[in-house]
């Protein structure tokens, strides 16, 4: 892979943030310095994801996904995927980078072949409500789709079969994630609850079976994202209550609460904690929030190690990759 010295792709740590100010910003994670800003025209950015080979970043917005080059300083998207009628809320990649998946307010999850010169989507999974989140099972063969009616759909890409479960009717599923070991799936909803399932199957032709494990009353307000740590020992949940909470997967007890609440009684809310991403060693976490900042925290102590300031509006999504490719 050719990386130009001084580009984002040449840095072993890639940290990108985006949101409502129509920019994607790239940061030196250790120093807090913004190294590159890309103008994302026409739309806010709802989701960011770095390709597995670290060559590009996908920014999902209103009616399109734009791919920006990490190995040059080209300010323009090198590929644009269009043809979606509403906001795209979620984006991710197959581990080999062969295809991309998205989900959005047009009630569809889509698969896009990244090797094809044709920029149309190849497969569509239609549901009956706007989609908030899509995540890929580590087996690379099942997509988990969460929608605003409260349903979670498990779309088997090999057979096109799908299963559905509704943990809490009428509470919108805002985020779902499966840990890297494929032991657990978590989902959070608009009521602030986090549901966890044990996973079995999902190998060969066996479809994944979900066995309810626990319900965590994680937040008093809207929950926005859940993410397992790379070592599968932690689960983070982010919320409109201005906190990101970190739970131990050994017993799903609370380990650390990261809060952006002001200690000054007169100060109004600093806004929602929109999203998070763990470092590769699971010892740090980066959060995105609507006070225009991203922050790097120590997971164990809850201490803020770095703040990333420069966005003019809410930061609602981020992408973090500090894995060095062999």
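Positions of Cβ are set from backbone N, Cα and C atoms, glycine also.
Counting every protein chain shown, the Cβ of residue 86 (SUMO3 cross-link) has 14 other Cβ atoms within 10 Å. The SUMO3 cross-link annotation in Swiss-Prot covers 86 (among others) and is backed by similarity to another entry.
Under the heading SUMO3 cross-link, Swiss-Prot lists 215 (among others). Sequence-distant neighbours of residue 215 (SUMO3 cross-link): residues of the same chain at least 6 apart with a C-beta under 8 Å from its C-beta are 167, 193, 194, 195, 196.
Counting every protein chain shown, the number of other Cβ atoms lying within 10 Å of the Cβ of residue 245 (SUMO3 cross-link) is 23. Per Swiss-Prot, the feature SUMO3 cross-link maps to 245 (among others).
DSSP classifies residue 261 (SUMO3 cross-link) as coil under the three-state reduction. Here the Cβ of residue 261 (SUMO3 cross-link) has 12 other Cβ atoms within 10 Å, regardless of which shown protein chain they belong to. Among the features that Swiss-Prot reports, SUMO3 cross-link is placed at 261 (among others).
If you look up Swiss-Prot, you'll see 305 (among others) marked as ubiquitin cross-link, on the strength of similarity to another entry. Note on residue 305 (ubiquitin cross-link): other Cβ atoms within 10 Å of its Cβ, all shown chains, come to 14. In the three-state DSSP scheme, residue 305 (ubiquitin cross-link) is classed as strand.
What Swiss-Prot records for 305 (among others) is SUMO3 cross-link, and it gives similarity to another entry as the kind of evidence.
According to Swiss-Prot, the feature ubiquitin cross-link maps to 313 (among others), an assignment based on experimental evidence. In the three-state DSSP classification, residue 313 (ubiquitin cross-link) falls within coil.
Around the Cβ of residue 313 (ubiquitin cross-link), a 10 Å sphere holds 13 further Cβ atoms from the protein chains shown. Annotated SUMO1 cross-link per Swiss-Prot: 313, in sequence order.
Within 10 Å of the C-beta of residue 51 (phosphothreonine) we count 17 further C-beta atoms, all protein chains included. According to its DSSP assignment, residue 51 (phosphothreonine) is coil. The phosphothreonine annotation in Swiss-Prot covers 51.
For the repeat 'WD 3' (83-122), the model gives a mean pLDDT of 92. Among the features that Swiss-Prot reports, repeat 'WD 3' is placed at 83-122.
Panel annotation: around the repeat 'WD 4' (126-165), residues 86, 89-90, 92-96, 101-109, 111, 171-178, 180-182, 185, 187, 189, 202-203, 205, 207-208, 210 of the same chain, lying at least six beyond its termini, place a Cβ under 8 Å from a Cβ of the stretch. Sequence annotations record features per position, and here Swiss-Prot assigns repeat 'WD 4' to 126-165.
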Number of helical, extended and coil residues in the repeat 'WD 3' (83-122), per DSSP: 0 helix, 19 strand, 21 coil
Conformational class of residue 245 (SUMO3 cross-link) under the three-state DSSP mapping: strand
Nearest-integer angstrom distance between the alpha carbons (Cα) of residue 86 (SUMO3 cross-link) and residue 305 (ubiquitin cross-link): 37
Residue 51 (phosphothreonine) versus residue 305 (ubiquitin cross-link) - Cα distance in angstrom: 27
From recorded positions 51, 261, 313, the one whose Cα lies nearest residue 245 (SUMO3 cross-link): 261
Residue 215 (SUMO3 cross-link) - helix vs strand vs coil (DSSP): strand
